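Enquirer: Submitted below is the structure of interest, expressed as structure tokens.
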Amino acid sequence: MSSGTLYDKVWDLHRVAELPGGSTQLFVGLHLIHEVTSPQAFAALRDKGLSVRCPERTVATVDHIVPTTSQSRPFADSLAEEMLSTLERNCADHGITLNGIGSGRQGIVHVIAPELGLTQPGMTVACGDSHTSTHGAFGAIAFGIGTSQVRDVLASQSLAMSKLKVRRIQVNGRLSDGVSAKDLILHVIRTLGVKGGVGFAYEFAGPAVEALSMEERMTLCNMAIEGGARCGYVNPDQVTFDYLSGRAGAPSGAAWDRAVSWWRGLASDPDAVVDDEVVFDAASIAPTVTWGITPGQGLGIDECIPQLEQLEPGERPIAEEAYRYMDLQPGTAIAGVPVDVCFIGSCTNGRLSDLRAAAAVARGRHVADGIKAFVVPGSEQVAKAAEAEGLDRVFQDAGFEWREPGCSMCLAMNPDRLEGRQISASSSNRNFKGRQGSASGRTLLMSPAMVAAAAVHGQVTDVRTLSLQSAV
């Protein structure tokens with residue numbers, strides 16, 4: 001195996017051909033599809049008389065459009081029903097495994113592939129979804145792609161790509177109590193900007209990253225795209241192997257031993273040269289909340305919305321736009337900003353550990369008057385495990401709604417939407433204008449524990465000020 005960074009090694013292993021203009025045709029080890037970006041791609045295959053090249057490397061689920069209050073068929077939304085029915089037909093026609101509702105394996109695409117053991121170190125992973133970078137947590141190189149590229153991967157199991165530069169995000173020390181991987185990535189994006197990673201793959205490294213669980217690493221890599229990076233990854237280690245061991249899609253027996261031996265060699269070499277490196281001190285990071293209309297407009301919980309003159313000239317136009325849209329004034333403390341809706345879920349923070357963290361806040365407390373709060377597990381497996389631990393009861397006793405798995409209020413493609421000028425505390429990944437369903441709705445991004453704290457107080461609250469109880 002060639003030396004260098006993990007990105008270099010995985011790239012070299014998957015090169016099919018060098019193309020005119022300097023791009024490379026890469027083999028795709030795992031192609032994940034869902035109901036939103038695949039219909040046009042399958043239609044293009046039919047028009048050209050093509051079949052799916054590697055159905056055994058293609059895995060489907062339904063997530064974006066599914067309702068979370070009742071998933072009985074047919075859906076009340078006829079368009080959503082049509083999209084799911086189309087996915088079912090396309091998968092049946094091409095021999096693709098569909099992890100459908102009620103299968104025990106359905107959920108958000110970036111939740112189910114890891115929990116099923118399908119995402120593994122050294123893979124290239126593609127999906128018609130921006131947050132495919134999630135899978136880099138395993139030491140994979142994972143890209144979000146557009147519908148035309150979904151078509152190309154279905155037809156050829158390969159993808160034309162230009163090689164990225166590598167920036168190491170070195171995080172020294174350890175995160176303080178009450179500070180999560182979500183806070184870390186929001187802090188990184190705040191520091192480097194939403195365009196700071198353009199042209200880069202982010203290698204997350206250092207003691208603070210190594211101390212994260214796999215689910216926390218997934219949160220970190222999930223939002224690399226929000227910082228402009230095409231992908232983000234963590235070098236595989238024993239934490240990775242322990243997570244994968246025994247999962248349905250992982251090797252077993254002697255094949256497992258061989259796989260682990262090979263996976264260990266994928267990690268970036270100690271003397272690997274990267275194109276850039278940025279160092280962070282984990283201990284200096286506080287619970288972080290966005291105040292504006294991009295994920296880069298974040299603040300530590302003890303900070304105030306910045307005055308215009310405190311910002312770099314290039315940041316001022318978007319800040320002025322954010323002041324108007326969010327109706328938040330410069331100098332306002334982010335702690336204490338009132339909220340209307342609290343959402344815990346998404347491919348960023350809808351896993352079991354996320355629900356445990358939020359439940360530790362909710363236990364023995366109650367949602368504040370007038371607040372709508374709900375929890376949407378990231379998958380059927382997450383829901384089952386959470387219910388086995390009694391987390392559903394913890395949330396319901398506290399006044400949260402316990403919903404069925406799906407993307408939910410992360411985006412406005414299902415019935416879970418903000419109304420009017422409502423402001424949400426959300427554990428999702430994007431706070432763009434109108435992202436959560438209302439053209440004038442407002443979103444504050446934060447960790448699941450911080451969302452739970454906001455729910456019980458009716459306003460943005462420093463979770464570190466609350467005594468936490470085990471939710472199990």
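Backbone N, Cα and C define each Cβ position, glycine as well.
Got these off Swiss-Prot a minute ago, pasting:
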type    : residues               : note
BINDING : Cys347, Cys407, Cys410 : [4Fe-4S] cluster binding site
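Walk me through the surroundings of each of these features.
Expert: Cβ-based neighbour count (10 Å, all protein chains) for Cys410 ([4Fe-4S] cluster binding site) stands at 29.
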Enquirer: Among all protein chains shown, how many Cβ atoms are found within 10 Å of the Cβ of Cys347 ([4Fe-4S] cluster binding site), not counting that one?
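Expert: Other Cβ atoms found within 10 Å: 28.
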Enquirer: Within 8 Å of the centroid of the Cβ atoms of Cys347, Cys407, Cys410, which other residues of that chain place their own Cβ, given that this set defines the recorded [4Fe-4S] cluster site?
Expert: Asp63, His64, Ile108, His131, Gly345, Ser346, Thr348, Gly350, Gly378, Gly406, Ser408, Leu411, Ser428, Asn429
Enquirer: Using all protein chains in view, find how many other C-beta atoms are within 10 Å of the C-beta of Cys407 ([4Fe-4S] cluster binding site).
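Expert: I get 30 for this one.
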